[in-house]
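To start, the structure itself, in structure tokens.
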Amino acid sequence: MHLSASFVTVAAILSSAECVSGSVLLPSRRADKPSNPAPLIATEYGTIYDVEVQFGNQSFMLLVDTGSSDTCVLQTGCQCINSSDNLALPRATCNYASTYDLPSTLQTERNKTFGVKYGTGIATGLVAYENLTMGGITVAKQTVGIVNSTNDIGDGLQSGLLGLAYPQLTSAHPGTNYPNDSLITNRSIYNPLMQSMSEQSLIEPWFSLALNRLSANVSTGDGGYMGLGKLPPVHHSEEWAVVPVEISESIPDFLYQNSKPVLTWWTLTVDAVTWGPAAASTNTSYALSTVLTSNTTTNSTAFQAVVDSGNPRNVLPKKLADQINGAFDPPAVYDEERDAFIVGCDARAPALGLVIGGKTFWHDQRDLIVWAKDGICTSSIGATQPALGIEVHFLGDAFLKNVVSVFDFGKNEMKYAARIYENNATDGGKGNGDPTLVTSEGQGLSVSRSTGYAALLAFLSFIIL
């Protein structure tokens, strides 16, 4: 989920599980659907990724969010509210684009409410059924949220959210009268869009992401691809890491199913983290492992993390984050007001590698510095702030820009291959070495072993109260 642009619920993470290894076959990829993989647009200096989704005959850009589960859009006339007291604000304050005109034929649930509590505010509205089209694939009567009141802040392009996590985090509630502090509980679970596509035999039960980076100080551009049951047309390493989706041991019991914890977010175990001064010749994440030879530090204490495309940062254990941010030249300095590490826009970022499924994924140095419209740059490495003894970590866009990722809800596993860029390119292209080019013929690919934080605080506030 995005820290400033999401309608997201909560979970907590502290368990761990062994990584799967061995020879694995990615599902076959279909080539008979137009516009699939769907193109993405990157906004806010590459911190937000939007995709086009049609609601009936109306098209909108939605935030791509693996950290939440609902597909929702703002209704025409939606009220923008103040985050501190829920008082009405001018609609432009919420910075959303076009809004959804309710058709006279729209089917709604009269005795259900769509609602999410996040931070000090809420997003509420109707539960409805609409025909959704994405990547040329149409799902009939998909359950959606139609938001008529929110205090969330958009990017000026999007009109809502495409949630890609598991059904247990969907946000429909029985009844029509919900105070702010009860929107986190008492859910009416439904299938999110990807699960509906699979159940209607429209796609294989998985999706993929390839997020492009933007050039420094560029606010909007080509954001990459989202594949629906197929891989994106970009180059990547032949080596894949394959890991299971894990259940969070600390998930609250009101998110259990039949008194048992279930899958909620795309959660995995990071086996180790390596960092240190980057070699002077380093330009791309794929090449980094071949030139980084010394002066590195490795922490082999494993921890769980949620893979969250709606979060621009990797939010890591505080000690790790402090050490990595201290390795910038000059070092990044924590700013309490921004809740981020301030770094010079021209600072030299350290080398950073995350070990997942026995494979190290190096980060391009450009992805460790986040630009903003006010000219202040921050580190893309954030520190988890423990609350009630719970630490929740995230792998956000800083990680996802360096990999091709597969989210397989049929097998409940994730697959990652290092992204290969051409000549320091910011988007996809031919790479060095022996990359695998994904073709359009739809063949299977043999592989080898191997939003977020603000919503957590909302959950913890709810528990404390």
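The backbone N, Cα and C atoms fix where each Cβ goes, and this holds for glycine too.
Listed features, source TrEMBL:
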- 1-22: signal peptide (SIGNAL)
- 49-417: domain 'Peptidase A1' (DOMAIN)
- ASP65: active site (ACT_SITE)
- CYS78-CYS94: disulfide bond (DISULFID)
- ASP308: active site (ACT_SITE)
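On the structure: features taken from TrEMBL.
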| residue | record | DSSP (3 states) |
| --- | --- | --- |
| ASP65 | active site | strand |
| CYS78 | disulfide bond | strand |
| CYS94 | disulfide bond | helix |
| ASP308 | active site | coil |
(request) Return the single residue from the active-site residues list (ASP65, ASP308) that has the minimum number of other CB atoms within 10 Å. (result) ASP65
(request) Please work out the number of neighbouring Cβ atoms within 10 Å of the Cβ of CYS78 (disulfide bond), leaving out its own Cβ. (result) 22
(message) Give me the CA-CA distance between ASP65 (active site) and ASP308 (active site), in Å, as a whole number.
(response) 7
(request) Quick one: pull the CA-CA distance for CYS78 (disulfide bond) versus ASP308 (active site), whole Å only. (result) 27
(message) Validating a neighbour-count step here. Other CB atoms within 10 A of the CB of CYS94 (disulfide bond): how many?
(response) 18
(request) Calculate the distance in Å between the alpha carbons (Cα) of ASP308 (active site) and CYS94 (disulfide bond), and round it to a whole number. (result) 22
(request) Would you mind giving the whole-number mean pLDDT across the domain 'Peptidase A1' (49-417)? (result) 89
